[in-house]
Amino acid sequence: MGMDSQHEAMNNVENGDSKSLMNKGLSKGRTPQNVSSSILRKKSDPVLVSKVRFKMVRQFLANLQEVILGTKLAVLFPAIPLAIVADFYNFGRPWIFALSLLGLAPLAERVSFLTEQIAYFTGPTVGGLLNATCGNATELIIALFALHQNKIHVVKYSLLGSILSNLLLVLGTSLLCGGLANIKKEQRYDRKQADVNSLLLLLGLLCHLLPLMFRYASGIETSTAVYTLQLSRASSIVMLIAYVAYIFFQLKTHRELFDSQEDDEEDEKAVIGFWGAFTWLVGMTIIIAVLSEYVVGTIEAASDSWGISVSFISIILLPIVGNAAEHAGSIIFAFKNKLDISLGVALGSASQISMFVVPLSVVVAWTMGIDMDLDFSLLETGCLAFTIIVTAFTLQDGTSHYMKGIVLFLCYIVIGACFFVHKIPVSETTVNLGVEQSSGVLNA
């Protein structure tokens, strides 16, 4: 029995007759992020599985091979147990931070893979909704643990860094590499999807600017912490409503705008059954939660040991590692002159962070009794504003060349250099935030 027939038999045992489901084109529920990260997947060697006689054991080993060895980032999986051992034996906290950061890279790609496998059995709408909400699960989990430890500055820095990384680093390198690889071809893409994401990003920027402008417009002597907090919470609800409308727009009314890039993915089939993928997804999420707690708890120690500011680690390093698989896949598709997928990855991830993860963090902090607002301070909000404006101008004509990629990439380098020298002590930041919020509550 060959490899394909073994996989088919095991899938039928676990899920019944799943072949009919997989042949209905349900992969149309995939997002560009899933399509991009799939470029790093590989087929594992089935020799060990074929020698096992028991069905349950053979099925488990087959799923283990697909999940653990089915990615080119599998070489980073040993960092996960090393991080746990380092924490158990109280090794240096910078080592725990570095190992946890490395371990998050393959886990983020595997979550994308597992949600895609589930989408084969749930249909395009539910699958697309699952992909749209789990596409940045790593960033969301890190944000929740940072909120639990009352490290609001880490939450804001990491989420801001994810937006900047997607719009400048990912999109910039994709346009640069794609332009150089196809220098004699005209590179074109569908402007409609880019326009929708640009509008969402501009709406998110407005919601970030209003609390900042309100604080400055009210005067330095006036305590505005309570009112800024109320405005931020109201704006977050508006942003979540806009994101729900975007999901409905993407999956229902204008689905053809987002399905056009998946023409060559029709022949793919699920390699793991529904319940197997669901079980692995829960396990991966738990491991991500453990490593995220390590990252949040040791980020200040790593900053002090390495002589690098917390803002630089959160804004530059965390997003690069957390989205490494999507980033690499986006660049590879740009080499193949498939810019619709590359743009879908960069703009889709940035929109999801801006309009879903950021406002959800504010609402969750609200329920936890933590005062988190949308005021990301002047420097951070200014970088976000210029990033969105430059990106919108870059994508306005529907064509691309390597010069656009160079400009976006250099913008990211300049912003990275800015936060590299932006070394405000964390203790000072925390104290100032606490004094400002306390005075605001007393005056209210």
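Cβ atoms are placed via backbone N, Cα and C, with glycine included.
Please treat TrEMBL annotations as automatic predictions, because they have not gone through curation.
Taken from TrEMBL, the feature compositional bias 'Polar residues' covers 8-21.
Feature annotation from TrEMBL assigns domain 'Sodium/calcium exchanger membrane region' to 95-251 (among others).
Across the domain 'Sodium/calcium exchanger membrane region' (278-415), DSSP helix (H, G, I), strand (E, B) and coil residues number 115 helix, 2 strand, 21 coil. Positions annotated as domain 'Sodium/calcium exchanger membrane region' by TrEMBL: 278-415 (among others).
Summarising the annotation, TrEMBL assigns region 'Disordered' to 1-37.
Look at TrEMBL and you will find 67-89 (among others) tagged as transmembrane segment.
Sequence-distant contacts of the transmembrane segment (95-114) (same chain, at least 6 residues past either end, Cβ-Cβ under 8 Å): 33-34, 37-38, 40-41, 67, 70-71, 73-74, 76-77, 79-80, 82-83, 86-87, 131, 134-135, 137-138, 272, 277-278, 280-281, 284-285, 287-288, 291-292, 294-295, 298-299, 301-302, 317-318, 321-326. Annotation source TrEMBL lists transmembrane segment at 95-114 (among others).
Positions annotated as transmembrane segment by TrEMBL: 126-147 (among others).
Feature annotation from TrEMBL assigns transmembrane segment to 159-178 (among others).
Residues annotated as transmembrane segment in TrEMBL: 199-218 (among others). Distant neighbours of the transmembrane segment (199-218): 163, 167, 224, 227-228, 231-232, 235-236, 238-239, 242-243, 246, 347, 350-351, 354-355, 358-359, 373-378, 381, 384-385, 388, 391-392; these residues of the same chain sit at least 6 beyond its ends, with a Cβ under 8 Å from one of its Cβ atoms.
Tertiary proximity for the transmembrane segment (230-249) is limited to same-chain residues at least six positions away from its ends with a CB under 8 Å from its CB atoms, namely 128-129, 132, 196, 200, 203-204, 207, 210-211, 214, 351-352, 354-356, 358-360, 362-363, 366, 372-375. Annotation source TrEMBL lists transmembrane segment at 230-249 (among others).
Under the heading transmembrane segment, TrEMBL lists 270-291 (among others).
Using a Cβ-Cβ cut-off under 8 Å and counting only residues 6 or more beyond its ends in the same chain, the transmembrane segment (306-325) has close neighbours at 36-37, 40, 71, 73, 94, 101-102, 104-106, 108-109, 112, 136, 138-139, 142, 153-154, 157-158, 160-162, 164-166, 169-170, 295, 299-300, 349, 415-416, 419-424, 426. Here TrEMBL flags 306-325 (among others) as transmembrane segment.
According to TrEMBL, the transmembrane segment annotation covers 345-370 (among others). A Cβ distance under 8 Å defines the sequence-distant neighbours of the transmembrane segment (345-370), meaning residues of its chain 6+ beyond its ends; these are 31-33, 36, 132-133, 135-136, 139-140, 143-144, 147-148, 150, 152, 155, 159, 162-163, 166-167, 170-171, 174, 193-194, 197-198, 200-201, 203-205, 207, 232-233, 235-237, 239-240, 242-243, 246, 323, 326, 329-330.
Per TrEMBL, transmembrane segment is recorded for 376-395 (among others).
Summarising the annotation, TrEMBL assigns transmembrane segment to 402-422 (among others).
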Using Cβ atoms and a strict cutoff of less than 8 Å, what residues sit near the transmembrane segment (376-395) while being 6 or more residues removed from its termini?
156-157, 160, 163-164, 167-168, 171, 175, 191, 194, 198, 201-202, 205, 208-209, 212, 343, 404, 407-408, 411, 415, 418, 422
Is the transmembrane segment (402-422) packed against any residues at least 6 beyond its ends, judged by a Cβ distance under 8 Å, and which are they?
164-165, 167-169, 171-180, 183, 308-309, 311-312, 315-316, 379, 383, 386-387, 390-391, 394
